[in-house]
Amino acid sequence: MAAAAAAAAAAGAAGGRGSGPGRRRHLVPGAGGEAGEGDPGGAGDYGNGLESEELEPGELLPEPEPEEEPPRPRAPPGAPGPGPGSGAPGSQEEEEEPGLVEADPGDGAIEDPELEAIKARVREMEEEAEKLKELQNEVEKQMNMSPPPGNAGPVIMSLEEKMEADARSIYVGNVDYGATAEELEAHFHGCGSVNRVTILCDKFSGHPKGFAYIEFSDKESVRTSLALDESLFRGRQIKVIPKRTNRPGISTTDRGFPRSRYRARTTNYNSSRSRFYSGFNSRPRGRIYRGRARATSWYSPY
């Protein structure tokens with residue numbers, strides 16, 4: 001027994017040296033009662049010798065292998081922080097907040113077309129206001145523009161100028177209602193150059209009142225035209241007398257004109273004796289105005 005124990009100790013020492021530090025090997029007696037280290041593959045040795053090992057505590061647990069993290073994609077410069085699903089701490093909260101932020105641009109995209117439509121409408125209104133302003137300015141310019149030379153004179157004439165023009169004018173009475181200014185001008189054509197022919201008409205009916213005024217270029221033509229007094233014009237004997245200027249504040253009814261309002265139809269002639277029709281004019285208080293004006297019954301043609 002002593003020899004067997006010594007052999008086992010020697011074998012253990014030899015096995016310990018060959019197995020590395022901290023490793024112990026024990027030989028268990030075989031079936032024949034002898035302890036020994038034989039070839040496990042030899043015949044008759046199966047189950048005769050069993051080997052047991054005692055491992056150190058450090059060798060019982062395997063060393064953990066370091067886990068390699070998958071490479072993360074690099075974000076381009078200036079890109080925002082990790083988005084949803086990045087796996088970073090607090091990413092769940094960050095995922096919720098960007099979700100709200102992303103919903104705001106959607107609402108803004110819905111409001112943008114409405115805002116653009118409002119701005120477009122405002123621009124259209126401003127353009128319309130500018131056009132209206134331009135039209136108003138144009139109308140004011142046209143209203144402030146001086147009338148043609150043939151009609152402007154009587155409107156801006158002073159009393160002295162009016163008297164001078166009346167001194168070159170005559171009154172023609174008992175004129176046929178169907179007579180025209182051209183026919184009257186032709187009737188007095190031999191007396192001198194005619195500047196203006198005015199046929200007075202009733203304001204309400206528009207029918208001629210049966211008398212007219214003829215303005216010549218010089219006073220000599222007035223004296224010549226008086227020779228046509230009681231001459232026949234369109235089958236009627238007309239009355240030709242010099243025209244008299246009405247002074248402000250003086251009213252005369254000695255000519256027996258009806259107390260009614262009237263308007264005048266005036267035709268002007270320039271120095272070259274070319275004619276043009278100037279429309280209906282009125283002669284309140286001896287003055288000629290453009291358009292349809294009113295005159296009282298105390299008007300005197302002289």
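Even glycines carry a Cβ here, placed using N, Cα and C.
According to Swiss-Prot, the compositional bias 'Low complexity' annotation covers 1-12. Annotation comment: Swiss-Prot describes 2-141 as region 'Interaction with SKIP', evidence class similarity to another entry. The phosphoserine annotation in Swiss-Prot covers Ser19, Ser52, Ser91, Ser146, Ser231. Swiss-Prot lists 30-47 with the feature compositional bias 'Gly residues'. Annotated domain 'RRM' per Swiss-Prot: 168-245, in sequence order, evidence recorded as sequence analysis. The omega-N-methylarginine annotation in Swiss-Prot covers Arg234 (among others). Marked as asymmetric dimethylarginine by Swiss-Prot on the basis of similarity to another entry: Arg255, Arg259, Arg273, Arg275, Arg285, Arg294 (among others).
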Counts by DSSP class (helix H/G/I, strand E/B, coil) across the domain 'RRM' (168-245): 20 helix, 31 strand, 27 coil
Nonlocal neighbours by CB distance (under 8 Å) for Arg234 (omega-N-methylarginine), same chain, sequence gap 6 or more: Asp176, Gly178, Ala179, Glu183
Residues near Ser231 (phosphoserine) in space but at least six apart in sequence (CB under 8 A): His187, Gln237, Ile238, Val240
